[in-house]
Protein chains: 2
Amino acid sequence: MRDSNRNATPLSGSNPYRTHTCGALRRENVGEEVRLAGWVHRRRDHGGLIFIDLRDRWGLTQVTFHPDNESVFRQAERLRPEWSVSISGTVGERPEGNQNPNLPTGEVEVSAKDLAVLNESRTPPFEVERERPVDENLRLKYRYLDLRRERLRENILFRHEVVRHIREYLSERDFVEVETPLLTASTPEGARDYLVPARLYPGQFYALPQSPQQYKQLLMVAGFERYFQIARALRDEDGRGDRQPEHTQLDLEMSYTTQDEVLDLIEGLYTEIVESLTEKKLLEKPFPRLTYREAMERFGSDKPDLRFGLELEDVSSVAAGSEFKVFRSVVEGGGSVRGLCAQGLGDLSRKDLDDLTKVAALGGARGLAHFRVEADGSLKSPVAKFFSEEQQAELAEAFGAEPGDWLFFVADSDSVVFASLNQLRLHLRDRLGLADRDTLAMCWITDFPLFEYNEEEKRIEPMHHMFTMPREEDLPLLDSDPLKVIGQLYDLVANGTELASGSIRIHDPEVQEKVFATIGLDKEEAERRFGAMLTAFRYGAPPHGGIAPGIDRFVMLLRDEPNIREVMAFPKTQAARDEMMDAPSPVADEQLRELGISVVKKTT
Amino acid sequence: MRDSNRNATPLSGSNPYRTHTCGALRRENVGEEVRLAGWVHRRRDHGGLIFIDLRDRWGLTQVTFHPDNESVFRQAERLRPEWSVSISGTVGERPEGNQNPNLPTGEVEVSAKDLAVLNESRTPPFEVERERPVDENLRLKYRYLDLRRERLRENILFRHEVVRHIREYLSERDFVEVETPLLTASTPEGARDYLVPARLYPGQFYALPQSPQQYKQLLMVAGFERYFQIARALRDEDGRGDRQPEHTQLDLEMSYTTQDEVLDLIEGLYTEIVESLTEKKLLEKPFPRLTYREAMERFGSDKPDLRFGLELEDVSSVAAGSEFKVFRSVVEGGGSVRGLCAQGLGDLSRKDLDDLTKVAALGGARGLAHFRVEADGSLKSPVAKFFSEEQQAELAEAFGAEPGDWLFFVADSDSVVFASLNQLRLHLRDRLGLADRDTLAMCWITDFPLFEYNEEEKRIEPMHHMFTMPREEDLPLLDSDPLKVIGQLYDLVANGTELASGSIRIHDPEVQEKVFATIGLDKEEAERRFGAMLTAFRYGAPPHGGIAPGIDRFVMLLRDEPNIREVMAFPKTQAARDEMMDAPSPVADEQLRELGISVVKKTT
């Protein structure tokens, strides 16, 4: 439990349930008459006495019942875990040897004079006092009991501190929090909208916001200049492991600003949070800023984990000069040959190497060339014979490889090479234990391409979203070679996870129309979906930009939690159900009739 | 504009758009080279010069363009209101006589050296610079321009400060803000739920929360003890003047607490907000606490405006002894005769008196007896003859009436008497100008009946909601005479408006079941609607209670705004439409098909 709140006192002196919290009493209180309230955390009967660990949000205090006080003792004999009680008594020092140095209240105990049972409890479906693994569906159904356990309680209290910190940091810098509507218009993009039938307009629907993107840009047109909101975003996505129908983001937007200003602001915020609320160490300050190209070339990913090396090297020129046809033909065909160098792998069996090839194949690689650096500096490999001594030395040198190291190479199109070596790199991270859990390697990735080509649908798509401003110098490319345009886009990445994504937006209606045209959105459709914004931009829209860091993911990272459900008070299951409330559920016909809708019977 | 933010500076020294905000420059800056960004607020051409008032969120600064700087001057000639620009120049002192003492920057001006037009603006559909009345639909359609105007901007900035204050006050007292789900179960009560079709569960629906009532009680079962949330509440109500589909409330709940503790906490919060953020005067501290009965008897309302007197008096005993049959029969029939005494009305014509009778009739009164106190202390009235000299003296004495005062009486059932005299009292307040706009008379109303009788449906209903705890001493009445049970219910009222409503909740499953039975909710239905809570209460639920002050209404009151739309950034129309975003609207058939619903064609 956290120390910060340990000494919190009751709000009122006349509270009939307690004079102190269960985290408050110390040796200085010995002799005082006190009253505590909370839950029976543990009960032990020992030496004719009954010991209760009484728990509230602030801590644990040991309460003892003596048989001398017969009627109270008899009541205490009934006590079971999780009963809600109020107890009065005298603070005493614990006998020598019974002290608990791990507990702030561990030097004292309360000798009970009186006991009021406020509510009994059935036997909980799982233990509250101990953190043993419990079936997750049971935890979700009895969420109110799971939340009594230390892990979830501390996660939720921590989350509050993070969000509080964010709000204060931004408010001090003149940001204004503005609430934007939950009932808004459907503008399908990315994920599906959740729809809400409008009773007063039969056949029409509101949509719940996937993000307040348009509203925040309209707030910039409205002159608020510095806006933020801890906003709920709702997306009707197909259940993937770690998705929830609703998640929370810090939505932030600024006017008359630049990419550097946004980055500096958020970097300051994240640094403060990490340093004031956690024990984690930031690997590098200021956060490194890598262009998309650099991130791909060095790490094969735009979400690189910078806690360790294993950087990629491009050996295409060596490969092109070698006798190894596979390599040569790839380079000649416009692809590349890149690799990485791993230390400490020791001897690798045929099976080990097959397994690593399978890892690389996750990124699309059709093969993985491997070389071992021998004691004399030469390379050992089934394909070593295709490389001259000089070429072998060049390969080893590219990585500064030492005897005993392994070199792995993938030859393919850049995108396959990057994806495959990224897989390999992360695999080796885990296998070699290269990444320290208590270290946060945060970095910015910038200069993303504005568009990407969708091979399946044979069309150009925005890489991020369609409101992103191209780099000033790339504006002419919009007409001539749109796939070469770099956008003013930036992602915040920590330990290989994307924490935030943002951009400087288009404020010029002409540029916006050009982008719409590039991605094949015709004027009518653009008007239908983004009419308000397009009109608003005709009224002196300022240059603006922003970012939207996810709160859940950040809290997960700081608390070392493996999934988003551990940092939300009332999450849905992976199948988007609330097992506790039994939602969703059928509703009365009358309700549907009022809404002017009906349920379609499935004809399968 | 507010002074607090006036000196806000740019976040970064390298910002290309501005070095200072438009609220920052003072005489001390004279001679400095500066750059400002913002909107053209006003343009005047005078003496061969062009004067621009440049506006940003922090203020206004005068910029002058001299024809000597020809190319810039020519650009400046194109400037129109609401263009977005960045201007560099030198700070100078304004010439004697041209200073503006109403503006913090009024002693200086910036002599422009350079001008960058960032975005032009069409002519706005209404003036931004002046607060002239504008058609509200136009304001809503161009909300982003309306929000540029001082009134809305200041309301939204003020609202942020209020909410920020609330959060800090509660966080300092160890309250934890917990986000509860937006997609939850439908439990129709009070208003209609907004429903959300669940794509993964055809025929099933989530509901948007009317309030987080059940979740907050579950958080108490979960041991959080002090919870709050600035929560969105959504109700699908039929449009009434001042309703919105979504509103915001401070949702707050505490465990091991008492009514007094909740009242003290909120009273401290409201006092701090009023005193630190407004110029308004609190009429009385601590806030008076009136029982429901006392409020009704003294003011005829459980939302009394305490800024003025005109208190009601019960003259039933005098009336019962009089010769006036109307009065006597009402008292004999179990009703009452009550009245109030008004000073300063002067002479009233027949028509005046008819009008007052119509006002009383709004509360159901079938007549209004009136008496004028004559110079000799006797009463003048068409019905005076039914009252002896002594009885007339008693009537006057009941109010301490003086010559020239008017006495008005209503005889009927208590509820009609109270409602009618309340109408009359508020009418006289406005007519006589008795209430000071800058005074806040806040009070608590307590001890409400737990139930009320619904005459139409011939059944007992909860007065507030079905989770409210009866007074301890009234528990036996639940069985014998439920309509006499007083609940641990409390309302915060200011100047005749209800700001908050709360209660101590039932934590005992047996009491809860008894209340359900009293209002005719059978076990099965109770289980279906509140199953999670009823089960949770079996696991050591602590005594708890809370309150849910509305944020919008409070901000309205503090800003003297007549409707909720003036304190929300993006309100819906009274017909629940978003005119700017055009929501609600039809959606693609494909979307409906995916959700397994169809629109029912109206057959009228």
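Backbone N, Cα and C atoms are what each Cβ position is placed from, and that goes for glycine too.
Where the annotation comes from TrEMBL, it is an automatic prediction and has not been curated.
Which of B:1-20, B:241-260 counts as region 'Disordered' depends on TrEMBL, and there it is B:1-20. With B:ARG235, B:ASP236, B:GLU237, B:GLN244, B:GLY550, B:ILE551, B:ASP552, B:ARG553 listed by TrEMBL as binding ATP, the candidate from B:GLU294, B:GLU498, B:GLU594 annotated for that site turns out to be B:GLU498. Of the listed segments B:153-156, B:185-188, B:213-216, TrEMBL assigns region 'Aspartate' to B:213-216.
Within its own chain, the region 'Aspartate' (B:213-216) is flanked in space by residues 180-181, 184, 187, 227, 229, 251-253, 465, 467, 530, 532-533, 546, which lie at least six positions past its ends and keep a Cβ under 8 Å from the stretch. Largest Cα to Cα distance within the recorded ATP binders B:ARG235, B:ASP236, B:GLU237, B:GLN244, B:GLU498, B:GLY550, B:ILE551, B:ASP552, B:ARG553: about 21 Å as a whole number. Here the recorded positions are B:HIS46, B:ARG235, B:HIS464, B:ARG505, B:ARG553; the one with the fewest Cβ atoms within 10 Å of its Cβ is B:HIS46. For the region 'Aspartate' (B:213-216), DSSP puts the residue distribution at 4 helix, 0 strand, 0 coil. Regional average pLDDT for the region 'Aspartate' (B:213-216) in the model is 94.
A strand conformation is recorded for B:HIS46 (site 'Important for tRNA non-discrimination') in the three-state DSSP classification. When the alpha carbons of B:GLU237 (ATP binding site) and B:HIS464 (L-aspartate binding site) are compared, the span between them is 18 angstrom. Note: the CA-CA distance between B:HIS46 (site 'Important for tRNA non-discrimination') and B:GLU498 (ATP binding site) rounds to 53 Å. Of the candidate binding-site residues, B:HIS464, B:GLU498, B:ARG505, B:ARG553, the one lying closest to B:GLY97 (site 'Important for tRNA non-discrimination') when CA atoms are compared is B:ARG553.
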